[in-house]
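Enquirer: Before I ask anything, let me first share the structure, which is written out below as structure tokens.
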């Protein structure tokens with residue numbers, strides 16, 4: 001969903017809160033509305049007429065009204081939370097959902113810094129919205145109230161004095177887009193400079209070892225100069241804005257000074273009215289306009305920039321489609337081809353494979369050759385460029401998501417553990433499983449001791465499995481999949497942090513569990529335990545049993561030899 | 001009291017004389033601001049008298065117009081001054097951090113924050129000083145102007161300000177608690193989101209995104225509650241601050257009213273009184289600038305810390321022709337002559353000092369005792385360029401810099417595409433690169449690399465330099481054994497007869513080495529061939545206990 005639309009929906013969704021806020025604004029505007037009038041009265045009836053105490057009385061009324069305005073402002077602030085926080089809640093929700101449903105995750109490493117950046121943008125939006133509601137709203141209220149006050153004290157001049165102000169505000173509004181653009185460029189340039197410096201400083205060891213201090217310095221310097229240029233361009237736009245607003249407040253004052261003598265002489269304006277009009281213009285309108293211009297250039301632009309950046313960086317969610325229901329759990333790959341782009345060589349090319357329900361396949365090959373991509377294709381998270389992945393006779397990416405997620409389980413190399421009890425973590429894919437079932441699954445993959453040591457199912461795990469080793473975290477993730485009802489289990493280097501004997505135990509446990517097992521192997525020993533082996537080595541894929549491949553494929557034999565020159569392959573059978 | 005950063009801050013001002021422009025605009029602007037209330041009072045008195053006096057009107061137009069023009073100009077002058085000073089500081093800090101080299105005395109994050117944050121704050125020093133000056137001069141000037149109108153006004157003003165401030169008091173403590181609560185909940189939420197991001201593939205494959213989003217969002221109501229608390233506290237503070245201005249205005253205007261009645265001042269001067277009161281109150285709002293001044297000085301000090309750190313000295317010698325003969329003399333008790341073309345393996349448990357030794361051999365750090373000689377010349381006597389051209393180092397976790405994949409391999413040197421490609425082929429990463437969307441021209445930012453892929457690019461980066469000595473600091477640890485042995489053979493054919501120093505956890509690699517250095521607790525434990533050392537149970541346990 002569009003971030004900008006969501007933002008405005010969230011604000012208008014709290015119409016009541018906004019209305020209450022605006023109602024209190026009226027109170028806040030009263031001092032501006034009455035200030036000139038009251039000072040005028042104090043002079044006309046009091047000090048100007050030689051009656052000191054009447055003058056003081058009007059001034060006391062003036063002070064009282066100011067206090068009333070401050071009270072209104074207090075109410076506005078107290079109610080701000082009711083509008084701002086729900087809006088921030090809504091943004092946080094969409095960001096979290098967006099990040100967690102990002103369709104590009106299967107090909108990217110999880111990017112923690114991007115997440116941090118997005119959450120920072122949300123905070124900026126929160127602060128800036130508050131700033132806008134407080135400052136910009138307050139200043140607009142003050143300006144409007146003062147103009148109305150002006151109209152009631154010096155009615156015949158109101159149009160003439162008000163028009164330049166309105167023209168200035170309109171011109172200012174027209175300048176905003178270019179100001180926003182420059183501000184955004186400046187923000188990007190600043191981020192870019194920090195990134196360039198960060199890259200070089202994080203990699204200083206590599207910079208030194210490459211003797212590349214000159215190149216690295218030049219990269220940072222270029223980013224720094226770009227930022228400096230962008231900052232100056234923002235200033236030019238700000239200066240122009242200041243000029244427009246300055247003229248907008250100067251012209252009415254000069255008009256008043258030029259026109260008033262005639263009107264006073266002909267008795268059309270009282271002294272107090274002239275004084276009041278000047279008070280409105282100089283103590284209310286002029287400062288409010290200047291501050292409005294300043295606040296807008298900082299607060300509103302920060303808001304616009306953050307919303308825009310949020311819209312750009314927040315992942316787009318695409319609705320999951322597919323309504324096919326598979327017939328059985330056989331997997332069939334037909335002419336499967338997949339690559340990242342037009343120029344890129346395919347990672348998987350023309351792969352044909354039939355995997356009957358209950359079969360155990362190991363996928364071996366050098367790192368980076370696209371084994372994980374195959375896992376993405378098998379689970380239906382990615383769609384092939386050519387050919388098809390059929391699950392129960394229908395394309396797996398077209399299977400109804402609920403059915404697919406239940407039938408196929410993937411354990412990737414990066415382990416997912418969250419803050420919560422061990423039970424919650426283990427039951428992630430099987431919410432209805434009993435404690436006995438969870439403990440049984442843990443025992444089968446060899447995690448029984450571990451569960452006992454951390455304090456049983458009720459023990460709480462820290463963030464990202466804090467306190468557990470990488471291997472222990474993997475054991476819990478494996479127990480979780482074992483406890484699920486999935487018919488097809490894919491282990492994508494899910495045992496990379498286990499020692500060889502623990503790995504063997506896990507693979508045996510999954511082989512004994514009913515259902516299809518695909519092991520994307522970290523070690524070649526996995527191949528020895530599988531019914532069949534798929535070798536991916538960048539060329540045409542090889543498929544067969546371990547013995548067949550040893551006999552028919554020189555490359556496979558070499559792989560086995562290179563992997564372990566000192567041991568015979570039989571000694572590794574556990 | 002002078003701080004180390006003050007000298008740097010004063011040089012920020014001295015290096016760019018254009019602060020004169022800023023001071024000029026400030027002087028003119030402040031003068032105009034002080035003249036305006038008086039000019040306005042005169043003009044109002046004129047209007048009240050019902051006469052139009054051209055000089056009075058023109059004078060008002062001149063001072064107000066000049067103020068607007070000067071303010072406009074000062075925005076551009078100030079931004080130019082600040083951004084030039086900031087850029088100048090950033091250039092200096094960046095280049096000095098690079099000169100400090102490796103191991104970096106400042107952590108990368110710390111370095112970045114000094115380079116971006118502190119430089120920007122310190123760069124605004126000139127503008128801050130001028131602003132402080134304007135604030136003090138215009139406030140003092142406004143009080144003087146009040147006194148010139150009627151000395152009683154100045155007295156009333158000065159007496160009412162402390163009273164008003166007493167009403168305000170600060171409520172910083174209250175907000176601090178709310179802010180803390182908000183930040184804590186916010187941090188919990190972020191940590192939950194990061195957990196989930198680490199498990200994105202699990203979540204995507206199991207279709208549990210909605211369920212996990214709910215889990216991450218569980219603390220959200222607490223966040224909203226803390227946020228609402230923050231606004232309420234702010235409301236109380238605003239209320240107190242809102243009382244200050246009316247209090248002072250009421251006192252001074254009343255005093256002025258008495259003046260009008262007594263004939264000491266004109267009716268128009270009531271306006272001048274309002275204007276001067278506002279100007280004089282300006283200093284209250286600007287008190288925070290003193291905090292900013294302190295912060296600026298602190299930033300200056302943090303920058304001075306970087307710039308005053310002495311950079312390690314490099315030698316003056318250029319390496320004579322040679323084949324890559326290494327002589328390690330007393331470095332971590334290692335005394336070893338490594339003839340050109342030797343394959344030397346360094347083994348030991350984690351933390352035994354393998355990488356430290358490799359770093360000394362690679363010329364990345366200077367050992368406290370002993371020295372490493374390359375073709376008869378101590379590494380510390382060589383120029384940086386000569387040293388790093390002769391010794392190529394590849395790391396377990398390389399930082400790959402440069403715009404594109406090809407740039408990152410040829411980082412810091414001018415090298416033909418064909419050589420980059422050949423190096424990538426040797427490092428067994430060519431097949432990965434050609435599968436990227438734009439092959440070698442793919443931007444690094446768009447290149448998702450696994451640990452093993454990054455390692456192989458780092459290896460290609462060392463190979464492409466065609467060095468005399470190749471140091472591989474666990475640089476093939478993430479590769480499976482098959483790929484590792486392919487890399488090994490490819491280096492043999494790409495860089496035949498090259499001296500190789502390889503830090504490894506793998507017995508298979510140590511087997512292939514001509515000689516093995518066995519490190520333990522920062523010292524050498526033994527030297528010899530793998531087969532000889534293998535007789536020792538402790539040596540065997542290095543491999544069986546460590547690497548699975």
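Each Cβ is built from the backbone N, Cα and C atoms, and glycine gets one as well.
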Enquirer: Transmembrane segment per TrEMBL sits at which of B:20-37, B:38-55?
Expert: B:20-37
Enquirer: Which of these ranges is annotated transmembrane segment in TrEMBL: B:97-114, B:151-168?
Expert: B:151-168
Enquirer: Counting only residues 6+ away from its ends, which parts of the chain sit with a Cβ under 8 Å from the transmembrane segment (B:57-82)?
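Expert: For the transmembrane segment (B:57-82), the list is 16, 18-19, 21-22, 25-26, 28-29, 32-33, 35-36, 39-40, 42-43, 46, 123-124, 126-127, 130.
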Enquirer: Pop the mean pLDDT for the domain 'ABC transporter' (B:301-546) in here, whole number is fine.
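Expert: A mean pLDDT of 86 is what the predicted model shows over the domain 'ABC transporter' (B:301-546).
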Enquirer: Residues sitting near the transmembrane segment (B:20-37): Cβ under 8 Å, six or more positions beyond its termini, same chain?
Expert: 60, 63-64, 66-67, 70-71, 73-74, 77-78, 81, 126-127, 130, 133-134, 137-138, 141-142, 145, 271-276, 279
